[in-house]
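S.K.: Take a look at the following structure, please.
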Protein chains: 4
Amino acid sequence: MRILLLGDIVGRAGREAVAERMPAIRERLALDFVVANGENAAGGFGITERILSELTRSGVDVVTTGNHVWDQKETAAFIDRAPRLLRPVNFPKDTPGRGHALYEAPRGRKVLVANLMGRLFMDPLDDPFAAGEAILAETGLGRGADAVLFDFHAEATSEKMAFGHAFDGRVSAVVGTHTHVPTADAMLLEKGTAYLTDAGMCGDYDSVIGMQKTLPIQRFVRKMPTERLTAAEGPATVCGLFVETDDATGLAKRCAPLRVGGKLAESWP
Amino acid sequence: MRILLLGDIVGRAGREAVAERMPAIRERLALDFVVANGENAAGGFGITERILSELTRSGVDVVTTGNHVWDQKETAAFIDRAPRLLRPVNFPKDTPGRGHALYEAPRGRKVLVANLMGRLFMDPLDDPFAAGEAILAETGLGRGADAVLFDFHAEATSEKMAFGHAFDGRVSAVVGTHTHVPTADAMLLEKGTAYLTDAGMCGDYDSVIGMQKTLPIQRFVRKMPTERLTAAEGPATVCGLFVETDDATGLAKRCAPLRVGGKLAESWP
Amino acid sequence: MRILLLGDIVGRAGREAVAERMPAIRERLALDFVVANGENAAGGFGITERILSELTRSGVDVVTTGNHVWDQKETAAFIDRAPRLLRPVNFPKDTPGRGHALYEAPRGRKVLVANLMGRLFMDPLDDPFAAGEAILAETGLGRGADAVLFDFHAEATSEKMAFGHAFDGRVSAVVGTHTHVPTADAMLLEKGTAYLTDAGMCGDYDSVIGMQKTLPIQRFVRKMPTERLTAAEGPATVCGLFVETDDATGLAKRCAPLRVGGKLAESWP
Amino acid sequence: MRILLLGDIVGRAGREAVAERMPAIRERLALDFVVANGENAAGGFGITERILSELTRSGVDVVTTGNHVWDQKETAAFIDRAPRLLRPVNFPKDTPGRGHALYEAPRGRKVLVANLMGRLFMDPLDDPFAAGEAILAETGLGRGADAVLFDFHAEATSEKMAFGHAFDGRVSAVVGTHTHVPTADAMLLEKGTAYLTDAGMCGDYDSVIGMQKTLPIQRFVRKMPTERLTAAEGPATVCGLFVETDDATGLAKRCAPLRVGGKLAESWP
Ligand SMILES: [Fe+2]
Ligand SMILES: [Fe+2]
Ligand SMILES: [Fe+2]
Ligand SMILES: [Fe+2]
Ligand SMILES: [Fe+2]
Ligand SMILES: [Fe+2]
Ligand SMILES: [Fe+2]
Ligand SMILES: [Fe+2]
């Protein structure tokens with residue numbers, strides 16, 4: 001299966017870049033399935049129902065999130081009727097929405113997508129390693145799923161690399177999100193899992209992690225509160241990881257970064 | 001000037017890769033000046049005097065460090081007689097060693113190298129933004145320095161991007177270190193500073209940030225202490241940023257990532 | 001029932017103070033049950049099997065712990081045969097030892113003791129609020145237990161007060177440990193739970209949280225590693241909370257701090 | 001000199017308790033000088049100019065603050081014309097307001113008050129230990145000041161105890177604020193400085209650190225955003241440390257906690 005996982009879509013710039021470029025990307029890469037992290041799609045803060053359907057109409061099959069999932073008040077209300085929207089699975093029991101689900105891909109294939117959140121330097125949730133194990137205890141490669149994709153929304157590179165290796169050989173891909181900067185370490189791990197520490201944002205890189213840069217710099221320099229941050233509006237780079245899986249095993253045969261548009265050097269898988 | 005900045009060299013694997021490849025890299029890129037972060041050169045923990053001279057003999061002109069600078073007991077004792085070794089400038093006053101210095105490059109040119117440490121998700125030091133300003137108040141591009149290189153050793157992408165923009169147009173390059181994963185956002189900022197969020201480590205990427213992976217995974221999964229971590233020993237990738245500066249202004253004309261050897265996809269500037 | 005909960009016993013000074021004073025304290029307060037936190041009993045770092053039996057011989061019925069539980073290598077090996085030693089219940093599944101148990105008190109009464117760890121500013125474990133609920137789903141006041149005691153080992157006052165109120169009316173006492181400084185807010189919460197943000201350490205207060213003060217001060221001032229810290233050896237203050245429960249309901253009728261010996265002002269319930 | 005230092009005043013409940021009780025407290029303790037931390041005086045968030053003058057009219061001579069100092073927009077605008085209002089001294093250079101000042105006490109005596117902020121588990125500012133040294137390099141006991149009072153606004157007990165010992169014998173008192181829970185470790189340090197890890201809040205203790213308890217509990221349990229927190233409105237306890245200094249040396253002869261009103265056990269020095 002030919003799969004694309006996109007990093008955090010930030011604001012209008014990010015959304016428009018995804019909407020405009022997705023048709024060409026889907027075609028050029030002959031994609032079967034697209035996951036994108038949408039936790040910053042609404043002006044940098046969360047996601048609305050309208051934006052969710054905008055994204056799914058753009059060709060995104062599943063939208064994951066992270067620590068910003070509840071930034072928009074409406075999200076907790078609509079998430080239960082939004083099967084394509086995931087929130088981190090390791091939130092407390094009784095949290096609205098779901099953290100993983102099985103989706104249909106072309107030709108009857110099934111894709112398990114799970115959204116998990118790291119804990120190092122983040123608000124502590126329950127153990128994401130145990131959460132990953134619990135998901136795989138129910139469904140896995142060759143056991144109901146033709147591909148298994150983990151969006152690991154986390155800050156620390158140590159936790160992310162450890163997470164990748166912990167599930168190596170049991171999932172198709174572990175792709176990090178949250179830092180809003182793409183890493184250049186796309187690789188196949190030893191036992192066949194595609195791995196990238198961070199997919200990077202789909203957003204304007206002439207910014208501070210997607211937000212207009214004046215106020216964030218002021219916060220670091222002056223240590224005083226500022227007005228609310230606003231998303232940067234320059235041309236966005238669409239960033240993600242392309243993964244080709246072996247339909248027999250569900251493991252990855254190849255992975256390579258996608259970066260197109262905006263400030264960053266272009267890269268096609 | 002043609003400059004290379006390498007990320008954290010981790011353990012013997014990292015050192016050997018740098019030593020073996022540096023002659024060819026220096027030649028192919030026609031380098032004038034090389035900076036490398038050596039805070040993990042001694043088995044993953046700090047740097048010794050012997051390793052420092054190994055690195056400088058390999059063709060590294062200046063060795064920067066970070067939070068691991070004092071991991072080896074001997075470092076505080078020898079650092080004052082090691083002009084090519086820097087430690088973060090924003091340590092407390094009276095800290096042994098120095099955080100920035102002016103170095104000679106070929107044809108009489110002067111390179112100011114400064115090592116600064118971020119504070120978000122790290123042990124708090126004094127303000128690195130103010131420290132950068134204080135350095136530039138004394139020496140700068142056109143004022144004693146033909147190139148100014150900031151190694152910003154920091155965890156959070158937000159602090160790193162803010163730092164880059166804060167000094168944009170006033171230094172030749174801001175290159176992040178510390179996360180041990182190269183980012184794919186090499187770019188020229190608006191006013192001419194070369195920027196990369198993280199140079200990535202010079203080390204074995206089949207690992208958890210350069211260390212053999214079993215114990216780090218166990219720490220996350222079991223939450224119990226383990227034996228001391230040891231550096232991974234597989235083939236290392238040499239990772240860094242190439243920057244070409246304009247000798248007239250000292251600003252960057254071009255920058256591009258270097259990645260060679262080991263698990264990561266090769267990239268030549 | 002007349003119950004005493006003691007805070008973190010630090011080093012030899014703390015152990016000796018507890019051993020010497022416990023007989024008089026037990027008698028004067030006519031105690032039925034004593035819990036003490038022993039995570040720093042072995043020179044400030046963890047607890048050994050020998051020290052555990054020293055403590056239980058001193059008149060401590062149950063020894064709780066916290067983030068330092070595994071500081072001594074032997075602990076993971078002996079904890080499974082030490083029914084009176086608890087470690088935080090919200091460690092990962094398969095962690096050696098147990099986090100809560102039902103103990104016998106005089107006249108056939110049963111005391112449920114649970115050890116839980118907070119997450120704010122600490123290494124993240126699984127949700128302690130959910131862990132507390134899970135314990136109470138099995139056993140509770142009037143449902144197998146005549147008293148229920150929660151040692152909440154946590155850093156932040158906000159998490160501790162929230163934890164107290166979350167279990168108010170359902171447990172006999174929530175007593176905080178970990179900060180090594182006694183708080184002066186002993187109170188009965190609205191629905192009958194005795195509460196104290198932190199019991200304080202049983203240790204020498206002419207120190208930095210129980211350790212000889214020179215090196216900890218140096219660490220803050222110089223930001224360089226030091227030799228290993230050693231426990232302060234001056235006269236220790238025994239610190240804790242006395243709770244008198246109503247045998248009919250298991251809730252608290254009265255609570256008041258105990259502080260005796262050493263540098264702190266004496267306080268008898 | 002007879003001095004009282006009060007902890008963080010939280011909301012209307014805290015302000016009213018201070019206003020009502022201060023006359024009786026001033027008289028009973030024959031106070032010469034009163035310092036109170038006002039960072040949460042305005043509904044839990046910051047301080048306004050009107051509230052500041054309310055506090056000074058109540059008999060508070062100097063109002064210190066902390067991390068919440070800028071919660072009210074107007075504060076940065078009026079602080080420069082408010083000589084009795086301090087903000088942490090170790091904010092960046094060019095921060096509005098001042099972090100320490102010399103004040104007049106009865107009979108021509110001078111009191112140096114300094115407000116410093118810790119860094120462990122807090123937003124990192126510049127080194128508070130170095131900031132304390134810099135203040136004392138200019139003015140000190142017997143060198144322009146008859147008493148020197150340090151409000152150390154910090155989270156971690158280790159940093160607070162280390163800070164106390166670091167300035168022992170050179171200042172009259174080091175009193176911690178910020179945790180909103182009074183500690184029971186009032187003591188004279190070895191060389192004559194009065195010390196208390198935390199003064200505790202002046203606020204309603206039937207709360208989560210002064211705020212109505214439902215929403216804070218929900219935040220811990222559900223890990224979702226809530227409405228803005230509001231200050232608890234029940235009867236407040238006025239909490240602080242009484243210090244009596246020796247006019248000859250400026251050091252402390254005696255110190256003891258004050259706790260009066262509300263839920264906590266009353267304590268008069
Ligand atoms: Fe994000
Ligand atoms: Fe995020
Ligand atoms: Fe490093
Ligand atoms: Fe580092
Ligand atoms: Fe402890
Ligand atoms: Fe602890
Ligand atoms: Fe406060
Ligand atoms: Fe505060």
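In case you wondered, yes, glycine gets a Cβ from its N, Cα and C as well.
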S.K.: Same Fe cation 1 site as C:Glu39, C:Asn40, C:His180 according to TrEMBL: which of C:Asp8, C:Asp80, C:Asp146?
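M.R.: The record-listed residue among the candidates is C:Asp8.
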S.K.: Provide, as an integer number of angstrom, the distance between the C-alpha atoms of C:Asn67 (Fe cation 2 binding site) and C:Glu39 (Fe cation 1 binding site).
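M.R.: Cα-Cα, rounded: 8 Å.
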S.K.: Whose Cβ lies within 8 Å of the mean position of the Cβ atoms of C:Glu39, C:Asn67, C:His153, C:His178, the Fe cation 2 site, other than those residues?
M.R.: C:Asp8, C:Asn37, C:Thr65, C:Gly66, C:His68, C:Val69, C:Pro88, C:Met117, C:Ala154, C:Thr177
S.K.: Check each of C:Asp8, C:Asn40, C:Asn67, C:His153, C:His178, C:His180 (the binding-site residues) against chain D and write down, in sequence order, those whose C-beta lies under 8 A from a C-beta there; write 'none' if there are none.
M.R.: C:His180
S.K.: Could you list, ordered by sequence, which of these recorded positions: C:Asn40, C:His68, C:His178, C:His180, have a Cβ under 6 Å from ligand 1?
M.R.: none
S.K.: Hey, for the Fe cation 1 site built from C:Asp8, C:Glu39, C:Asn40, C:His180, who else sits with CB inside 8 A of the CB center?
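M.R.: For the Fe cation 1 site the neighbour list reads C:Gly7, C:Ile9, C:Val10, C:Asn37, C:Gly38, C:Ala41, C:Gly44, C:Gly66, C:His68, C:Thr177, C:His178, C:Met201, C:Gly203, C:Ile209, C:Gly210.
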S.K.: Tell me the Cα distance separating C:Asn40 (Fe cation 1 binding site) from C:His68 (active site, proton donor), rounded to the nearest angstrom.
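M.R.: Each residue's Cα considered, C:His68 (active site, proton donor) and C:Asn40 (Fe cation 1 binding site) end up 7 Å apart.
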S.K.: Work out the three-state DSSP category of C:Glu39 (Fe cation 1 binding site).
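M.R.: SS state of C:Glu39 (Fe cation 1 binding site) = coil.
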S.K.: When you tally the Cβ atoms that lie within 10 Å of each candidate's Cβ, which of the binding-site residues (C:Asn40, C:Asn67) has the highest tally?
M.R.: C:Asn40
S.K.: Roughly how many angstrom lie between the C-alpha atoms of C:His180 (Fe cation 1 binding site) and C:His153 (Fe cation 2 binding site)?
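M.R.: If we compare the Cα positions of C:His180 (Fe cation 1 binding site) and C:His153 (Fe cation 2 binding site), the gap is 11 Å.
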